[in-house]
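One structure is given here, and the rest of the page talks about it.
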């Protein structure tokens, strides 16, 4: 299986044969990388895909033509038979690792791309763990280090958490009416080193990120706060982050918020997911790329 370097070498060789002139390898890499890439992570029991994070993911794609996106592949389970009976704790551990691996790997391949994270419920929790560190002892994560590399943290320009079980009142990035905490709350006084990049949405009636009793509230953040989240994301992206219509790589399909995973097409595009436990999308990569295993939960076309 060829590495990214070997693939690049092949591309450079083809370019030289076609033009008769040497080609700058760094230029080729930059042309293949999007200006903005969005990671989405779904809520518990939802089939592989974006789940309810799709609302904000789509808003970013529509606002910034050329933006690409991918959904984190992880169990998103809480012990239910529909998702394989995997415990919530194991799902969070696997999801946190999968999120960190996907983000770190993408940044290594595209160091100049601006990254946006959009997580919903358990999906917010795994991004919270990956970006902020601090461990998650309630779910079995005792290592308090931030699992993202320093470069990847710098590349993450905005993170949107909706219905995050790690919510606790008083965090500087909280938005909404909740004045208590979620069922797996951060400890009092917790400080996230990337606080300025985050907005976390939670209302008082939510039984998961707060202490309410209305599950419908938990599912409504995209509609209630989607435009507000987009405005924050736009403010965080650099002025040169967006590409004009028709410029740069584009997402082959818009994510949907349905309860079933969506397939980007018969073959996956460069940087897209192509495998991992629970993945139901395409496993063949477009010409010039191969499906490389990053973790048990995530493989990528490189």
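Cβ from N, Cα, C; glycine included.
According to Swiss-Prot, the active site annotation covers 121. Taken from Swiss-Prot, the feature compositional bias 'Low complexity' covers 250-269. Residues or ranges marked as disulfide bond in Swiss-Prot: 274-291, 285-301. Sequence annotations record features per position, and here Swiss-Prot assigns N-linked glycosylation site to 94 based on a curator's inference. Taken from Swiss-Prot, the feature pyrrolidone carboxylic acid covers 32. Summarising the annotation, Swiss-Prot assigns region 'Disordered' to 236-273. Per Swiss-Prot, region 'Linker' is recorded for 244-266, and the stated evidence type is similarity to another entry. Marked as signal peptide by Swiss-Prot: 1-20.
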Of 32, 94, 121, the recorded positions lying within 10 angstroms (C-alpha) of residue 291 (disulfide bond) are none
Among the recorded positions 32, 94, 121, 274, which ones place their C-alpha within 10 angstroms of the C-alpha of residue 285 (disulfide bond)? 274
DSSP says residue 291 (disulfide bond), in three-state terms, is strand
PLDDT averaged over every residue in the region 'Linker' (244-266): 39
Comparing the recorded positions 32, 121, which residue's C-beta has the most other C-beta atoms within 10 angstroms in this structure? 121
Listed disulfide-bonded residues (274, 285, 291), ranked by Cβ neighbours within 10 Å, top entry: 274
Reduced DSSP assignment, the residue listed as 'active site': coil
Three-state secondary structure, residue 32 (pyrrolidone carboxylic acid) (per DSSP): helix
